[in-house]
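Before any comments, here is the structure.
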């Protein structure tokens, strides 16, 4: 009965929380609760039914005089059924679902996960299908088919086939390597071992072979293989401690608890084998914060909630053995459901490049059509009348024009070079390797290097406009340090000697006098240690006694060491501080706490524990001292403590001053106070307390009221200041990225106060910013919506109107908004609920009051979302707190859609995976226990500060290199291909090529590819140090200045100009010339050699002019390309190869004959000089008259490099924190603490059936607990 009543109590508490989801403001309108995490997108049906009921009631209220129809209470059916130890049950026909046509399979997923794309049979067809989704590849196959048709072909088929096979082959190999890595990772996870109960005994089984309904045994430090109902464990009362770093990046432990009935009856293997419980629960969903179900066993029903569930991805800690029942497996588990959809990510340059290729297709068709028409007229006027041009074919002019069109499609196809795509892939692969090899992004403490997990997004790193960051584990280390305190009006914590002399630099306190001290704890103020050890200052003794007694920390002794397990890292830091100062928390039972006070052990009777919650912002404990005195100790946020202080309390003003100082240093503060209580007063209060505990209506409110009665007239002792330790370099990185024009949004599940405090710590928020909260935002959005309704003609769907700024006052603005307000503002809630609302909107009469906050239709809702993003983008910083994983992804998606901006998300836990997948670039923080974010990311490294180098150095370089590469690639191919166009005017538009066939085949493969490829790999306008020193150099990438349609058309006209020069100067030289032997080498083949030689020199010298960063490799590539050209040309023009292969090699002796004529060399030099001269002049003028920021830095490079060397020699200055008098929030646990657990005694009492006293509570903190 007690177990059931406990669960009923939990249910009532849950309903109380749910009722508090909405609060009323003074005007009576409903507003969200800032402290409560809003529901995620996968709400269960019972919650939706509740909402529907509420909605129905609202509708009834909306219509005056309408009869109030009672809404029948709907009992939601639990759709997921699991039977223990019965695999055949889950294969029954009723649990089958149709997959394809008549093929069915079980709705219960197996436990194997699959992230790979291909297998042995599907690799070739699927990979070719994916590659041929790229339009260019289909185009080249079509060309290949055209080249096989004899009447059309103007070039041999191998000129297209060889490059196409090379491109498809290289891409396929790259895809295969990537997929093999996915195969290896899947295989490693699926083949992990776990003990499964089969045939009446536990047998070792692979994860992939586990099924829903299996009973499993897990041991300490095992990863949990599926979503499992905890049945029993080796700990008292089936407690099990789990580390959730994979899910949320948090490293403090959470406790889970089995039902009492399963704890008592399912300990032995035989009992577990006979277990035939039947579970009915919610369908698989992505809600990490909720689980609802019931267990039917032995004709009894037992309620189940999240406290009974072990989620996949967590790790068993501090529990030797536990048993569980698999409820959700594989793809149905919550961690996999939170993964979000895997999106195919493409860069903006990729999209632009595709549009440019379409533009080239259109140009190609227009030019080919024009030349075909020209051939039709030419044949009618000249070709048909010239007897020497008769080819014996009976074809009229129109048909010949039609064939000429397809012939020119083949001839001019090199305007869309097949080697472009493979060159881009090679450059991206190289850039990824440079990121992997960067030692300045290597984190030695975790032996973790940066890792580019994709090779397709590098240049997009140079265009980031918005960064969305998680907080815990990403900006912070999730490590709290006790830094300072104020006791009885005196401040401690600065470097000070034992005598109280302040020092500029001190040394840490030596804790050797205290055998229980945590050696990792550092404190610089020796005077506080001497005060505490002397025991002359009663306030100091009381201060640390309070810290050692007023908490919900659990303790275990392991190898003679004390190991603390706290519900929040802040509380653990305070108890550890008290321990080091000689007030050591040793143990606790259900109603006692034992501490060691300076080598003297004392046990205090715990009369009541008044736990923290988000409204109270404080916790208290009422203790009976060994001498009979009763005292209340209380700690809490200064805002609530000062309201409850006695008028006689001392040190209020001086402590307030200290609090402001601590807040200016962005430390998290907490006030400590006490109150002596008489026995009579306690007895009277205790009776009220017991009554409140058993009340059936509004129990939480009743308890809060009783707590208020006793927590007043408190006496202030002092205050603590804790540092939420940021990762190294976070403030500097954020400041540098802000200078680069990147806006940073923090999306976190933390409380508003905590998130705001971290915002100040990391310089995201500054003292000169005006902060706007959810209420202000909502008011401004409602006002803007009302304006649209007042002026309906000015704001119409599809009509663009420049938006007016939301913040008209001068100065910087910041926005802090909670998940509840996001739901209210954006109307982004459950899909079913949204459909319900839209149905209601459809039934509502036209809005008569423009101030009505509800959107009238989808367009108003969309405009409200756009308004919100516009307002947020006017702010220097945005912090969204208490948001769910789904909301994080929605915010990212909204900015992407509204601003068409390039976004980056960075996080470290499974709750960040959806956000990471939604953003254009996803970055995972590696090196922590949780690797879920890394597995879903595009880039991974160990510290947030490396983001600065990833974007400002690698991202910027990659963008510049890719843009330069593409501009030049288009130019060199236009220059090469359009020579055919000019030649057609002198060849009767007959699709005759201007070059030798082999030159056309090898031009993009051998003669011109290497120099431009190396520019795409190695070029840099300024070095990495100057890139970091001048963040504004990043702006051109955001503004997309270096590659756009303007640059494309410049490359096109540049190519047209060079092709004109390359064709017409040699043509003029050949028109009326005489060689040294008296013969004019004015044949077509000699002209082809001269034009091709001029082209090779022009394009290779042109890329030399565009190269900013010269290395030996670049020099070798330019000279080598020219040398390769001559070497291959002389070989294929030799008589020997013609004898072996007479058909493909027809230019016998042409090169040696033409290139021994001096005037042809003069022609080549003149052609190259004229083609390069305008470029040299334009570059000189642009760098001199209109220099870019990059040009200015390049010009003064040596000066800046000297400055950097001097700065490095100097001692780096400490980061200056902002000065601002404000409150600093103490972060209690976001979930409830261990108070209920302690009060119930379940964590302490050993089961009666087992017998024997419990020596210690088996609990450990995070990784430190394993290593203390």
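From the backbone N, Cα and C atoms, a Cβ is placed for every residue, glycine too.
Feature list (source: TrEMBL):
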- 470: active site, 4-aspartylphosphate intermediate (ACT_SITE)
- 470, 472, 908, 912: Mg(2+) binding site (BINDING)
- 470, 471, 472, 571, 612, 635, 668, 748, 749, 750, 882, 888, 911, 912: ATP binding site (BINDING)
- 40-62: compositional bias 'Acidic residues' (COMPBIAS)
- 1256-1268: compositional bias 'Basic and acidic residues' (COMPBIAS)
- 84-161: domain 'P-type ATPase N-terminal' (DOMAIN)
- 934-1188: domain 'P-type ATPase C-terminal' (DOMAIN)
- 1-68: region 'Disordered' (REGION)
- 839-858: region 'Disordered' (REGION)
- 1202-1227: region 'Disordered' (REGION)
- 1245-1268: region 'Disordered' (REGION)
- 132-149: transmembrane segment (TRANSMEM)
- 155-177: transmembrane segment (TRANSMEM)
- 355-379: transmembrane segment (TRANSMEM)
- 399-424: transmembrane segment (TRANSMEM)
- 965-986: transmembrane segment (TRANSMEM)
- 998-1018: transmembrane segment (TRANSMEM)
- 1048-1072: transmembrane segment (TRANSMEM)
- 1084-1103: transmembrane segment (TRANSMEM)
- 1115-1139: transmembrane segment (TRANSMEM)
- 1159-1182: transmembrane segment (TRANSMEM)
*Per the 3+ Cβ pairs under 8 Å rule, pairs at least 6 apart in sequence, do the transmembrane segment (1084-1103) and the transmembrane segment (998-1018) touch?*
yes
*Confidence summary (mean pLDDT) of the domain 'P-type ATPase N-terminal' (84-161)*: 80
*What Cα-Cα separation, expressed in whole Å, is found between residue 908 (Mg(2+) binding site) and residue 470 (active site, 4-aspartylphosphate intermediate)?*
8
*Rounded to a whole number, how many Å is the Cα of residue 912 (Mg(2+) binding site) away from the Cα of residue 612 (ATP binding site)?*
27
_Please identify, among the binding-site residues 612, 749, 882, the one with the smallest Cα-Cα distance to residue 472 (Mg(2+) binding site)._
749
*asked:* Just to be sure I understand, if DSSP states are collapsed into helix, strand and coil, how many residues of the domain 'P-type ATPase N-terminal' (84-161) fall in each?
replied: 34 helix, 9 strand, 35 coil
_Can you check which residue among the binding-site residues 472, 911 has the largest number of Cβ atoms within 10 Å of its own?_
911
_For a quick check of understanding: among the recorded positions 470, 908, 912, which residue's Cβ has the most other Cβ atoms within 10 Å?_
912
*Report, in whole Å, the straight Cα-to-Cα distance of residue 470 (active site, 4-aspartylphosphate intermediate) from residue 668 (ATP binding site).*
19
*asked:* Checking the spread of the ATP site as listed (470, 471, 472, 571, 612, 635, 668, 748, 749, 750, 882, 888, 911, 912): what is the longest Cα-Cα distance, in whole Å?
replied: 33
*Could you measure between residue 749 (ATP binding site) and the residue listed as 'active site, 4-aspartylphosphate intermediate' for me? Cα positions, answer in whole angstrom.*
8
*Candidates 612, 882, 911, namely the binding-site residues, that fall within 10 Å of residue 470 (active site, 4-aspartylphosphate intermediate) by Cα distance*: 911
